[in-house]
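Visitor: So TrEMBL has the following annotated:
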| type | residues | note |
| --- | --- | --- |
| BINDING | GLY164, ARG165, SER166, ILE234 | NADP(+) binding site |
| DOMAIN | 4-119 | domain 'Tetrahydrofolate dehydrogenase/cyclohydrolase catalytic' |
| DOMAIN | 138-289 | domain 'Tetrahydrofolate dehydrogenase/cyclohydrolase NAD(P)-binding' |
Amino acid sequence: MQLLDGKFVSEKIKLQIADEAANFLNDTGRKPHLVAILVGNDGGSETYVASKMKNCEKVGFKSSLYRYDTTVTEAELLDKIAEINKNADVDGLIVQLPLPKHIDPEKVTEAIDHKKDVDGFHPINLGRMMRNLPCFIPATPYGILLMLQEYGINTSGMHCVVVGRSNIVGSPMSILMARNANPGNCTVTLTHSKTKDLKEQVLQADIIIAAIGKKNFITADMVKAGAIVIDVGINREFSTETKSGFKLYGDVDFDKVAPLTSYITPVPGGVGLMTIVGLLKNTLASAKKTIY
Ligand code: NDP
């Protein structure tokens, strides 16, 4: 078993991004600029946004955060997005999900200029991804592709089973793994809560991508010997053992599953760190106008 080490790989790629950001500053007199909008005080969202902002600073990007109370109206949020869309000093705009119930996430996603949609959630980017055209790939799937690439894993011809079909992880991941590209060229099975024979499906997998949101959901009896396991899950539980007061668990029962695998990502220290790299790479590509 070999660990797919998100810490090592993300630090390595961030050094390359920092180099490119320094060259960009030299050439243009400005830094790549990411703007985030955060509504409310959800603990997970606060942590993710803080980490995105911190990593921007680390690689030499400018970052700005607009915070709103949960009482913000949809119209106010859409106005702000329209203003940021027009600001030539901004390269990337993300709105941290989830949003309060009175705000339609689809409207918000579609309001973002697709040329600044560095989360890759806009229908234009998803449509272009589907057609294998240059686009912003959603940050988490992009991070997973970068991780597979970094370890030189050739996925061609593999059977990939994705568990979870969300718009941000499972569904785009299934499309990317089926594309005529490397990583890609897999035969893909996309499973979800209505899948009848989930265990049998997962047992067929050469590569399992788990994005469910349930601690220890993928157990050892679901994993074929030698499989590659990518654990996207981030399940937070209160803990007295850590300084932060909570502990993170993946969707995979790591201790029992890891010995069976050829490669596996840990949680924490795996996909989460690569997601930030995906976001930074998209923001840099936007600044350098290499996609649009
Ligand atoms: P969602 O809640 O949007 O989707 C979960 C998916 O899991 C759904 O498609 C659901 O099926 C499926 N599912 C739920 N229960 C079962 C079950 N019993 N059997 C089979 N499938 C099931 O989650 P996300 O995709 O947004 O996130 C998944 C996990 O990944 C979470 O823990 C999240 O925190 C984490 N995450 C981590 C990131 C990172 O950077 N590492 C980034 C984004 C998310 P159905 O559609 O039928 O309801």
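Cβ coordinates are placed from backbone N, Cα and C, and glycine is handled just like the others.
Any idea what these are sitting next to in the structure?
Guide: Look at ILE234 (NADP(+) binding site): DSSP puts it in coil. When other Cβ atoms within 10 Å of the Cβ of ILE234 (NADP(+) binding site) are tallied across all protein chains shown, the result is 21.
Each residue of the domain 'Tetrahydrofolate dehydrogenase/cyclohydrolase catalytic' (4-119) gets a DSSP state, and the totals for helix, strand and coil are 59 helix, 18 strand, 39 coil.
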Visitor: Show which residues of the chain containing GLY164 (NADP(+) binding site), separated from it by at least 6 in sequence, have their CB under 8 Å from its CB.
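Guide: Listed in sequence order: GLY170, THR191, HIS192, ALA210, ALA211, ILE212, GLY213, VAL232.
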